[in-house]
Amino acid sequence: MNYLTSQLLINEEIETINNNLKNQSDLWEDGKKTAGSYASKVKNNLQINRNSELSKKLAELIKNKLLANPLIKSFALPKLIHGIMFTKSQKNMGYGRHVDNPFMSSGRSDLSFTISLTPKDLYEGGELIIETINSENKFKLNAGEIIIYPSTYLHSVEKILSGERIVCVGWIESYVKSIEKREYLFDLDAGAKGLLAKHGRSDELDLIFKSYSNLLRLLGN
């Protein structure tokens, strides 16, 4: 399965975001407003109005954190980060099985991401389920942790049994659309950087970095 989990936000950032969301409780609205015609039938959560100044400010914070993270940049090769929103699921809320729209008003969805803003021991249920051809994978993230996965996968969020789950979600349009090609580039980049850290610069390593850059030019769009 082609996905990445990583700690993205520090405690101070999580606290700042949550305090802002709590202070603007009037901005929460029905999550169905931004779902596609099919997904709206299985979506049951709340979200902050994306046109609000608060949403725009917090979305910019998240976008900057993603673009400043070398691991995420290497994995996702982000061309555009878009559609960032903040959602809340309370008791008996969830999001049924669906696939994300391939094209949104804000861009193409190659990769989807979820960032947890709630400690996982403060709510029951609410696991993110991502389906592949032969497996079903459940994730319950630590506060500040992100998961990035292909938007082509069917996925769902289980009903909340108690407490509430607040997350940030969004999409990435990648310079490389293909899952397989992104994986090859990620492996090559990680291997080259590992060799550089272990052995230092060399003429041979220069050729590997050259090949990576030229492959990205060839495969990217």
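From the backbone N, Cα and C atoms, a Cβ is placed for every residue, glycine too.
Here the structure is a predicted model, which means the values were calculated and not measured.
Of the residues proposed, His155, His199, the one Swiss-Prot records at the same Fe cation site as His98, Asp100 is His155. Residues His98, Asp100, His155 make up the record's Fe cation site, and a Cβ search at 8 Å around their centroid adds Ala39, Tyr95, Arg97, Val99, Ser112, Ser151, Tyr153, Leu154, Ser156 from the same chain.
Around the Cβ of Asp100 (Fe cation binding site), the same chain contributes Ala39, Ser109, Ser112, Ser151, Trp171, each under 8 angstroms and 6 or more positions distant in sequence. Taking only the Cα positions, the spacing between His98 (Fe cation binding site) and Arg165 (2-oxoglutarate binding site) is 19 angstrom.
Cβ crowding, taken as the number of other Cβ atoms within 10 Å, peaks at Arg165 among the binding-site residues His98, Arg165. DSSP places the residues of the domain 'Fe2OG dioxygenase' (80-174) in helix, strand and coil in these numbers: 3 helix, 58 strand, 34 coil.
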